[in-house]
Every structure is written in C-alpha cells, then in structure tokens.
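Undergrad: Before we start, here is the structure in question, set down as structure tokens.
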Amino acid sequence: MIERWTTAVLDTDLPGGWAVARGPDGFLYDDNGALFPRHWLKGQDLPLLAEHGIGHLDGEPVYLLELSARAEVPGCGWKGLRAFMLEGDHTLYKVLGYAAQIGTWAREHRYCGSCGRPMAQVPGERAMYCQPCDLRSYPRISPSMIVLITRGDEILLARSPRFVTGVYSTLAGFAEPGESAEDCLIREVREEVSIEVRNIQYVGSQCWPFPHSMMLGFHAEYAGGEIIPQEDEIEDAQWFSVHALPPLPASRSIARYLIDLYVARRLGHAEPVLPG
C-alpha cells in the first residue's frame with residue numbers, strides 16, 4: 001500500500017506546494033480543511049516565526065508556517081490538534097501531528113541550551129545547530145508506556161483529575177533514565193495503584209503529539225495487591241467488567257485500542273485496527 005503522507009526535510013527556498021499554519025490556538029482551517037496553497041498562505045498578513053518543509057502528501061510538498069501570534073484570516077478559523085484527531089481525515093491528522101511536533105521542537109530550540117546564543121536550522125537535516133558550541137539538537141521524543149491490566153473478564157481503569165468528566169482510561173507514564181519500558185510499567189503501576197502485575201506483553205505503539213510522546217502499549221495480568229490510588233495523580237481506579245464499561249478515551253487513541261482489543265478477544269468479536 002502506498003503511503004499518502006511521508007515526512008521529509010524540504011528546502012523552504014523552493015516555490016510551490018501546500019502549507020499549514022500553526023499558532024497559539026492551533027491550526028488555521030477553512031471549509032476545505034487545514035491545507036492551503038503555500039503561495040496564497042504566505043501572501044497573508046501572518047506573524048511568521050519560522051517555516052519548515054515537513055514532507056509530501058500525495059506527492060506534493062507540504063510546509064509548516066509557525067506563527068508567533070494569532071492572526072485573523074478572512075473565511076478561516078483556528079482549531080486545536082485534538083479536534084482534528086477526532087474528525088474523519090486520519091491522514092490530515094498525521095500531517096498536522098507531525099507539523100505540531102516539528103513546530104514545538106524548533107520553537108523551543110531557537111536558542112542554545114548551553115550558551116544561550118541563537119541556533120540555526122541545519123540545511124537538509126532535521127536539526128538545530130549552535131556553531132560556537134558545535135551542538136546539534138534533534139526533535140524530542142519522550143518514550144512512555146501505557147498498559148491495560150486485566151483479571152479475567154475485568155479490566156483495571158483509572159481516572160485522572162485532568163480527564164473529561166466520567167471518562168476512565170488505562171494507566172500510563174513516562175520512562176525515566178535507565179529504565180526499560182517494562183521497568184517503567186512496573187514502577188508506574190506500583191506508584192499509581194499499588195498493585196503488582198505479571199505476563200507483560202508488548203502490543204504496539206503510537207505517536208502521541210501532545211506534545212512529543214511515543215506511546216508503547218502493553219497488556220499485563222493482575223498479580224496481586226489492593227488498589228490504592230496515587231494521591232493527586234489518580235482520582236479513582238477500579239475493576240470494570242468487559243460487559244459494563246464506563247465512558248472511554250477517544251477511538252483514535254492507543255488507550256482505547258488496548259481496551260477494545262482485549263474486549264474483542266474476550267467476547268469473540270472482530271479485533272480492532274491499531275490507530276497509526
């Protein structure tokens with residue numbers, strides 16, 4: 001199968017192509033979506049911070065215009081990345097997710113973290129460079145584990161105070177230096193709900209551009225202990241029957257995939273497809 005979207009480092013001095021614009025309120029869009037003819041978009045009165053060539057969509061080059069402030073464009077509005085995730089065009093979401101990660105990284109690395117001098121984009125490479133320090137900075141990716149813990153026909157789900165009201169999800173957490181993904185899983189489960197797990201199985205991964213996580217999905221079986229929610233992190237955690245689940249995360253998330261996959265296998269239903 002031919003991929004419609006492929007990432008690439010493109011020369012911003014070349015003409016043509018499509019462009020997306022990102023500002024403090026998300027991405028610019030109109031009735032046709034978030035992709036605009038690049039020459040038209042660059043002709044608007046936009047507070048341009050930087051431009052990045054990010055890849056090809058259906059063979060056409062795509063660029064990101066990173067803005068320093070909100071701008072008003074006739075016939076257009078602004079929409080956050082999560083809203084695009086929930087809509088039907090998954091390819092567009094992948095384009096915008098990558099654009100958001102590159103834009104955030106470049107914005108946060110305009111100055112050298114060692115000497116404080118301005119950094120420059122490296123031609124032909126996705127890197128920012130400080131010549132006095134001979135320091136290259138590459139896009140940040142933060143490895144995180146996410147795990148569905150099961151006990152027969154029951155699954156353990158939890159609520160963070162930051163979740164939408166009523167929604168429960170799987171446990172997750174960032175890996176620390178020196179940890180494997182499995183080490184991270186065991187530690188996070190102990191910290192968040194005070195139980196032990198066994199038979200840890202890797203399921204799949206998902207890029208999660210909020211802002212730069214790589215979610216490593218696992219399934220694990222309950223091994224022992226009583227649920228004690230971590231103060232300030234877990235509002236509630238409990239076992240739910242696969243026949244009576246609470247409101248769940250968005251269908252595009254790997255958290256939802258882990259849940260749906262286990263439920264499908266327990267009930268003999270068709271297995272879902274892992275979101276890209």
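Note: Cβ is positioned from N, Cα and C throughout, glycine not excepted.
Sharing the record's features from Swiss-Prot:
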BINDING   Arg82, Glu125, Tyr138, Gln206, Cys207, Trp208, Pro209, Phe210, Pro211, His212, Ser213, Ala255  substrate binding site
BINDING   Cys112, Cys115, Cys130, Cys133  Zn(2+) binding site
DOMAIN    139-262  domain 'Nudix hydrolase'
BINDING   Ala172, Glu192, Glu233  divalent metal cation 1 binding site
MOTIF     173-194  motif 'Nudix box'
BINDING   Glu188, Glu192, Glu233  divalent metal cation 3 binding site
BINDING   Glu188  divalent metal cation 2 binding site
Undergrad: Report, as a single number, how many Cβ atoms besides its own are within 10 Å of the Cβ of Ala172 (divalent metal cation 1 binding site).
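TA: A count of 22.
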Undergrad: Rounded to a whole number, how many Å is the Cα of Ser213 (substrate binding site) away from the Cα of Ala172 (divalent metal cation 1 binding site)?
TA: 11
Undergrad: Round to a whole number and give the Cα-to-Cα distance in Å for the pair Tyr138 (substrate binding site) and Cys112 (Zn(2+) binding site).
TA: 12
Undergrad: What does DSSP say about Ala172 (divalent metal cation 1 binding site): helix, strand or coil?
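TA: DSSP assigns Ala172 (divalent metal cation 1 binding site) to strand.
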Undergrad: List only the single closest residue to Cys207 (substrate binding site), chosen from the binding-site residues Cys115, Cys133, Glu188, Glu192, Glu233 by CA-CA distance.
TA: Glu188
Undergrad: Within 10 Å of the Cβ of Cys112 (Zn(2+) binding site), how many other Cβ atoms are there?
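TA: So the Cβ neighbour count for Cys112 (Zn(2+) binding site) comes to 18.
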Undergrad: Mind tallying the domain 'Nudix hydrolase' (139-262) by DSSP state, helix then strand then coil?
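TA: Split into helix, strand and coil, the domain 'Nudix hydrolase' (139-262) gives 22 helix, 52 strand, 50 coil.
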Undergrad: When the Cα of Cys130 (Zn(2+) binding site) is compared with the Cα of each of the binding-site residues Arg82, Glu192, Pro209, Pro211, Glu233, which one is closest?
TA: Pro211
Undergrad: Report, in whole Å, the straight Cα-to-Cα distance of Pro211 (substrate binding site) from Ala172 (divalent metal cation 1 binding site).
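TA: Per the Cα atoms, Ala172 (divalent metal cation 1 binding site) and Pro211 (substrate binding site) stand 15 Å apart.
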Undergrad: Across all protein chains in the structure, which of the binding-site residues Cys115, Cys130, Cys133, Cys207 has the highest Cβ count within 10 Å?
TA: Cys130
Undergrad: As a test of the contact definition, list every same-chain residue at least 6 positions from Glu188 (divalent metal cation 3 binding site) whose Cβ is closer than 8 Å to its Cβ.
TA: Met145, Val147, Leu171, Ala172, Gly173
Undergrad: For Arg82 (substrate binding site), what is the tally of other C-beta atoms lying within 10 angstroms of its C-beta?
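TA: Summing over all protein chains shown, Arg82 (substrate binding site) has 13 other Cβ atoms within 10 Å.
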Undergrad: Within 10 Å of the Cβ of Glu233 (divalent metal cation 1 binding site), how many other Cβ atoms are there?
TA: 15
Undergrad: Measuring Cα to Cα, how far is Cys133 (Zn(2+) binding site) from Pro209 (substrate binding site) in Å?
TA: 29
